[in-house]
Amino acid sequence: MLLNKIFSFGKAEDPPLTIKDKLKYFFIAYWRGIVCVLTPLIALPIILPPPIENYQWCAFCLVIMAIYWVTECIPLTVTSFLPLIIFPLTGVNSTTATSKAYMNDTIIMFLGSLILASAVEQSGLHKRLALCAIKLIGFTHFRLLLSLCVVTTFISMWITNTAATTMMVPINFAILKVFEDQKLLKIYETNSDGEKIASDITTCYFCAATFSATIGGIGTLVGTATNLVLKGLFQKAYPAAPEYLSFPKFSAFSVPYMIILEAAMFINLAVLYFGYLRPNSAAAKETTITPDGIAAAKRAVDADWKKLGRITFWEYMVIILFGGAMVLFFCRSPQMFEGWGDFMEKRFDRPHKFIRDSALAALVSYLMLLAPSSLYFFKNFIAKYHENFPKSPVQSVLNWSEMNAKLPYSFMFLLGGGFALSDAAKKTGLNEKIGESLQSLKSLPNAAIILIIIIVVIFVTNFASNVVVCNVFVPIVMELAKKIDRNPLWYAIAAGFSASYCFMIPVGTPGNLIVQSAASIPTKKMIIAGAGPTLSTIIITWAAIYFWAPVIWSDLLILPDWAHAQTT
């Protein structure tokens with residue numbers, strides 16, 4: 001309506017627009033273009049006056065990309081190509097060197113994780129897991145929310161946070177509709193403007209889904225893109241470092257940490273919306289479910305379970321291939337014993353880290369595209385008459401056409417843009433300049449610096465893409481660590497993990513936007529729901545990074561030789 005008002009010619013009785021009104025309407029309509037034009041002009045002081053050093057061009061590109069990424073004045077992926085334009089033309093880096101950042105081991109691993117997750121979604125195995133958990137845990141609000149959180153967290157460890165959240169949307173609606181039919185709750189309420197918005201209980205269920213997906217994403221290396229960005233940036237900055245962020249090491253740290261985060265988030269929502277620990281509160285009384293309501297919910301879930309039927313050969317194949325991939329990821333180079341990757345490198349006289357997880361991800365993806373999703377092709381061997389022969393090819397475990405239409409390939413370039421920027425910042429000395437400007441933090445205790453990193457990154461990631469925030473902050477904090485004689489890995493994992501935690505603002509992560517649009521959750525309600533989990537996440541993350549991380553990575557307490565070597 002606002003745009004119609006802006007572009008309508010108006011009626012004769014309308015008052016003439018003032019200059020202020022014209023500027024306001026112009027900005028509302030064309031703010032993206034204005035940001036695109038003004039940002040390079042505002043950044044000009046970085047490269048003026050001449051002569052211009054390479055690190056200044058790199059900083060110029062960094063500022064433009066950061067503003068474009070945060071405001072999304074142009075698509076995130078388009079912004080990611082700026083290094084390919086700016087760096088070769090200004091002499092910062094060659095076209096060949098810059099292009100290599102857009103296709104490397106980490107990006108292939110990211111693509112492989114998306115492909116593996118697609119097979120789970122196509123087979124419907126994730127829905128079977130969700131309904132099974134609900135049937136096992138129970139049908140009161142407290143138990144249903146617990147099962148929702150457990151299932152979403154577990155599934156999000158292996159597939160994208162967005163897919164895990166999307167999966168829970170119809171399940172949430174089905175459960176809430178059963179209770180609404182029993183007049184035990186209302187899915188929607190009407191606000192002062194007469195609009196239908198999510199009720200508090202609806203907000204609780206849907207926010208729990210996206211929050212659990214976010215937390216579950218940190219559980220494994222393939223759980224979310226920020227984990228792989230963290231690993232890629234660290235490996236690029238310190239290629240001589242041991243493989244600290246291997247699949248088993250990463251999960252050894254993240255899984256216990258993830259469980260505590262999830263428990264704190266669940267308790268926050270239960271206290272706020274169910275009156276947990278507050279038996280006489282209005283929330284506790286409103287969310288009490290009668291035996292009839294519990295029975296109705298059970299019937300609804302049983303009906304959905306019956307529709308799924310028996311577990312299919314397709315699902316068995318996904319369990320074998322996907323589960324096998326996870327086991328092999330853990331066993332490639334676990335450092336606790338000789339893995340299959342270590343054995344092959346030794347047997348064929350290959351250098352250390354010659355075989356990485358991306359090779360296994362590509363292999364399993366290839367097998368999923370070849371393996372059949374049913375045993376229907378055996379009819380070719382037992383058919384006696386022409387009409388008994390199969391009339392069409394058997395679908396593979398992974399349908400390429402369906403996956404190709406849905407796969408978010410653009411995120412690969414988003415990762416690549418961050419890697420290109422990180423590589424140039426390292427080569428030109430920009431990281432060192434930033435590190436020097438942050439040396440004033442050296443006087444602070446290490447615990448305080450880690451807490452500052454966590455708070456700043458979590459605040460920013462609520463307003464910008466998680467991957468973008470990780471790409472920007474991880475190189476900066478690694479350089480800061482070097483300047484104040486701390487292990488760069490310590491600050492890198494603090495920033496890398498914190499970049500995932502967006503619980504308050506919808507634009508921070510696609511999962512938040514999905515539940516907001518699906519359930520009509522006002523931003524104010526999401527902020528209220530996310531305030532408690534955000535605070536508990538900051539505290540738990542600080543404790544995990546400061547106390548638990550050195551248990552898993554004992555080198556964090558020293559500045560190893562590989563860090564000294566990189567600075568020379």
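Note: Cβ is positioned from N, Cα and C throughout, glycine not excepted.
Because TrEMBL annotations are produced automatically, they should be read as predictions rather than curated entries.
Record features, source TrEMBL:
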TRANSMEM  25-48  transmembrane segment
TRANSMEM  60-89  transmembrane segment
TRANSMEM  101-120  transmembrane segment
TRANSMEM  132-155  transmembrane segment
TRANSMEM  255-276  transmembrane segment
TRANSMEM  313-333  transmembrane segment
TRANSMEM  354-378  transmembrane segment
TRANSMEM  407-425  transmembrane segment
TRANSMEM  446-469  transmembrane segment
TRANSMEM  489-515  transmembrane segment
TRANSMEM  527-549  transmembrane segment
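Sequence-remote contacts of a segment are chain residues at least 6 beyond its ends whose Cβ falls under 8 Å from one of its Cβ atoms, and for the transmembrane segment (527-549) they are 203-204, 207, 211, 253, 256-257, 260-261, 264-265, 268-269, 271-272, 446-447, 450-451, 454-455, 458, 490, 493-494, 497-498, 501, 503-505, 556. Non-local neighbours of the transmembrane segment (255-276) in the same chain are 141-142, 145-146, 149-150, 153, 157, 200-201, 203-204, 207-208, 211-212, 215-216, 218-219, 282-287, 503, 528-529, 532-533, 536-537, 540-541, 544, 548; each lies 6+ residues outside the stretch with a CB under 8 Å from one of its CB atoms. The transmembrane segment (446-469) is in contact with the transmembrane segment (60-89), judged by 3+ CB-CB distances under 8 Å for residue pairs 6 or more apart in sequence. Remote same-chain partners of the transmembrane segment (489-515), defined as residues 6 or more beyond its termini with a Cβ less than 8 Å from a stretch Cβ, comprise 161-162, 164-166, 169, 206-207, 209-211, 213-214, 217-218, 224, 226-227, 229-230, 233-234, 241, 244, 253-254, 265, 449-450, 453-454, 457-458, 461-467, 469-470, 473-474, 476-478, 480-481, 521, 523, 526-527, 529-531, 533-534, 537, 541, 545, 549, 553, 555-556. Long-range Cβ contacts of the transmembrane segment (313-333) within its own chain (Cβ-Cβ under 8 Å, at least 6 residues beyond either end) map to 116, 119-120, 123-125, 128, 158, 220-222, 243, 246-248, 251, 339-342, 353, 355-357, 360-361, 364, 367-368, 371-375, 397. Counted over residue pairs 6 or more apart, the CB atoms of the transmembrane segment (60-89) and the transmembrane segment (407-425) come under 8 Å in at least three pairs, which marks the two as touching.
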